[in-house]
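S.K.: Handing you this structure, nothing more for now.
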Amino acid sequence: MTIDGAAFPAARPRRLRRTEAMRSLVRETRLAGSDLVLPMFVKEGLTEPQPIPSMPGVVQHTPASLAKAAAEAVSAGVGGLMLFAVPEHRDALGTQATEPDGVLQRAIRTTVAETGDDAVVMADLCLDEFTDHGHCGVLTPSGAVDNDATLERYAAMAVAQAEAGVHVVGPSGMMDGQVGAIRSALDAAGFADVAILAYTAKYASAFYGPFRDAVESDLAGDRKTYQQDPPNGGEAMRELALDLAEGADIVMVKPATAYLDIVRRIREATEVPVAAYQVSGEYAMVEAAAARGWLDRDRTVLETLTSIRRAGASVVLSYWATEVAQRLGR
Ligand code: PBG
């Protein structure tokens, strides 16, 4: 068709979509195994790996299966591992979180021994897996989460994890001042090289549902007094400023897909690496729909991860990390 004698439309974006070679040449976002971090669960006292019903394909590991899966992830090209542990004994203070020989510290040693410096070994730094009440901190006599008493526990936990050889600690409890408290404890104990991946904007999200199965935590109540309120974006920027001032090395948004606007805002506001956590519920939704034949699983997995990268995250935590690294390479 012509308008005023000229061919119309003059601009044809479809020219750049015509062949895979052309699409590949102009592609803005690339995903690789080395961008990904695999979250892993280890449970004390297990003799066989245990499937997690609401996360098909994910297991609670034994020490041996943890080592094997870590090696597999690394040889596939996964960039990092994030360890979570389920202790046999829980109490009000989360004592096992800081024991030198606690299940998480042992898992760190096992993993570091297995993968050396070929992968970045990270550990969740939070008390919820270790407390009998299931909160991320210790409680006051009236049952509120006591921010500053919790910071002392986090500081001790950071040192215990560093002594076990962790490369990066991931404080996920959303206590005020947690990054600063952990940084000064690590530095005072001679661990200036241990980095902090701060859960900067962690929302009180329904998407963590299946994770409760994974760590067998039955929390009475909710985390709304410490995790962020989902409607708020500005609050994430305030948390970012605080975490950077306190010494965060990497800042993270969690969950990922429902919070891509926050990923983008944080990306534009800082030059430190931005991470995003594609959480248990994001994983379970796709697996459940794919199991019914309602979604093309493999395409959906790559599309979700690519969109998280496109929004501005350079590091993505995903339960699909090993599989995706196998498909895409390092
Ligand atoms: C807290 C923690 C949680 C997750 C990671 N770290 C649970 C929570 O905050 O309620 C959730 C991860 C996921 O859902 O995949 N230790």
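Cβ coordinates come from backbone N, Cα and C, glycine included.
Below, the features straight out of TrEMBL:
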{"type": "ACT_SITE", "residues": "Lys202", "note": "active site, schiff-base intermediate with substrate"}
{"type": "ACT_SITE", "residues": "Lys254", "note": "active site, schiff-base intermediate with substrate"}
{"type": "BINDING", "residues": "Arg212, Arg223", "note": "5-aminolevulinate 1 binding site"}
{"type": "BINDING", "residues": "Glu239", "note": "Mg(2+) binding site"}
{"type": "BINDING", "residues": "Ser280, Tyr319", "note": "5-aminolevulinate 2 binding site"}
S.K.: Checking the contact step here: among the recorded positions Lys202, Glu239, Tyr319, which have a Cα within 10 Å of the Cα of Lys254 (active site, schiff-base intermediate with substrate)?
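M.R.: Within 10 Å of Lys254 (active site, schiff-base intermediate with substrate): Lys202.
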S.K.: Less than 6 Å between Cβ and the nearest atom of ligand 1 is the rule; apply it to the recorded positions Arg212, Glu239, Lys254, Ser280, Tyr319.
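M.R.: Those recorded positions that pass the cut-off, since their Cβ is under 6 Å from ligand 1, are Ser280.
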S.K.: Nearest to Arg223 (5-aminolevulinate 1 binding site) in three-dimensional space, by Cα, is which of the recorded positions Lys202, Glu239, Ser280, Tyr319?
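M.R.: So, spelling it out, the nearest of the recorded positions is Lys202.
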S.K.: Quick one: of the binding-site residues Arg212, Glu239, Ser280, Tyr319, which has its CA closest to the CA of Lys202 (active site, schiff-base intermediate with substrate)?
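M.R.: Comparing Cα positions, the candidate nearest Lys202 (active site, schiff-base intermediate with substrate) turns out to be Glu239.
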S.K.: Can you tell me the CA-to-CA distance separating Tyr319 (5-aminolevulinate 2 binding site) and the residue listed as 'Mg(2+) binding site', as a whole number of Å?
M.R.: 26
